[in-house]
């Protein structure tokens, strides 16, 4: 009994040091922005920042589940591009059809990933790579390689424009709902525990009688559904289905998860820290825009790629030092 | 009666043998099938021009795939190859169009080849050091350059397309020896050299040992870290060379496009060629075969009027099939 609680405490502290970095950096950047730029904390900036980053947050939390289970999903960007086209095609029927339709299409790709990985036993990296290519090709086929405009007379346009409860755009409210839902699944349900157990050790989990196959299927379906939702946001944000978008999104999502302190080896992770990671990566770009707006420096958009890479580097170095010192502590 | 039995057993063994031969040499069988299909269906397939086009296009995939095979053989993966191609491809024209190189053409040309490859090698040292000294998973370690490498290339060129006319440099991509494209010979030289490295040198043996069982390799006194860094450095150097070839073929350098999605082609070629993703195996000529298959499938579909998009889906199918067969063979 004593042993268990000691282990939990250590794990808790270690878990928090992993997450601590991202929160400190996020708050430091926000304070820096608030002090330096006049309109940084204004309603317009906050709202448009969250609105734009909603799709990245959604795919990142889906990716977080996959990574916690010890897998990876490289197909999210292409699937989002595919479902953005589906959403645009369904937009004349209204948001009540377009949103579930696109999410279902995403879930179908997730199920395909799950089939490759669980039934055909193909490594996740390769299986989702293939789905990435397939979804990209599929998006180009169904759209004829053109952007597909949404129906501007339908209520689909309200998604990104209309304020829910007069406060924030619907995209942000939906994203918040997804995040809370996922947090509950991870922290409060047996399925969430099973996902973590699989990431910790798949064979051991199977021997304990956990339904490994079902949980693995679940994480890929979940990630696919998230990509589907991101596609809806993409279509609403750009006013069109974008078959060519989504390149590199999977890496942005992985970066968000890693920056959020989740180890790629699986078995541990945090939904909230992943959201913080996604916000942090987005904020780099936002601050770059403000800095350019002041006219003192002029950094092209290309710099954001370099800065993101550098961010990732520092977070990884920090993580590996924490992980190594943790290892030393337990010996 | 006994005779019948005997025949039955014999035919059973033959069937097993032939099935075994197909799974063992799946790549060769696939290549023959594609070639036969092309001879029968594709117009002008036997024209020499077709051969030259395919050789000059397959060369870059093959060169990068050889490097990727070494990295995968250590149990790693390198996502940064495309970005490193872009970086090397952006630097070369910057050098030989500079005032210094115009004044000293020979020295300028030499620098335009040496400096980009040196920079690529440095990227490889970085990747390798991240993987071996910081114990970062290869997919994350190489993600850093995947994101920022292309960013650096775009910043260096300000995102502009660099066009040039430099016959000496363009020889890399358009030169011909005995009527065959120069880069075809380059592929053969590189493949033989790396094959020799893997088969006859201590480094090659050590590399396979590290991929087969890292812990055991460590315990038997193999310098695991150095060997791993070596694999990433070779892969990055070859990627740099491939970047130069792409630029030379086009007489233009577009940092946003060079090597786009090359990591996928290279991984696919390696896997189709029989490289195990778990490491411990480095079939160099298999990777070349894989690159040829990938290129030929692309060519076959395009030459028969199938859209580029559908070719992507076909590529996805090939990857899944190749890994599935590999997986089945293991079990």
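Here the Cβ of each residue, glycine as well, is placed from N, Cα and C on the backbone.
Annotated transmembrane segment per TrEMBL: B:25-45, B:51-72, B:79-101, B:107-127, B:139-157, B:177-198, B:229-252, B:309-325, in sequence order.
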Open item on the list: If we skip the immediate neighbours and take only residues 6+ beyond the ends of the transmembrane segment (B:25-45), which ones have a Cβ under 8 Å from one of its Cβ atoms?
Closed with: 272-274, 286, 289-290, 292-293, 296-297, 300, 303-304, 318, 322, 325
Task: Stretch among B:51-72, B:139-157, B:229-252 sharing the most Cβ pairs under 8 Å with the transmembrane segment (B:107-127) - done: B:229-252
Task: Same-chain residues near the transmembrane segment (B:229-252), Cβ under 8 Å, at least 6 residues beyond its ends - done: 56, 59-60, 63-64, 66-68, 70-71, 73-74, 76, 78, 80-82, 84-89, 92-93, 113, 116-117, 119-121, 123-125, 127-129, 131-132, 161-166, 169-174, 183, 186, 190, 194, 203, 207, 258-259, 262
Task: Among the ranges B:79-101, B:177-198, B:309-325, the one whose Cβ pairs under 8 Å to the transmembrane segment (B:51-72) are most numerous - done: B:177-198
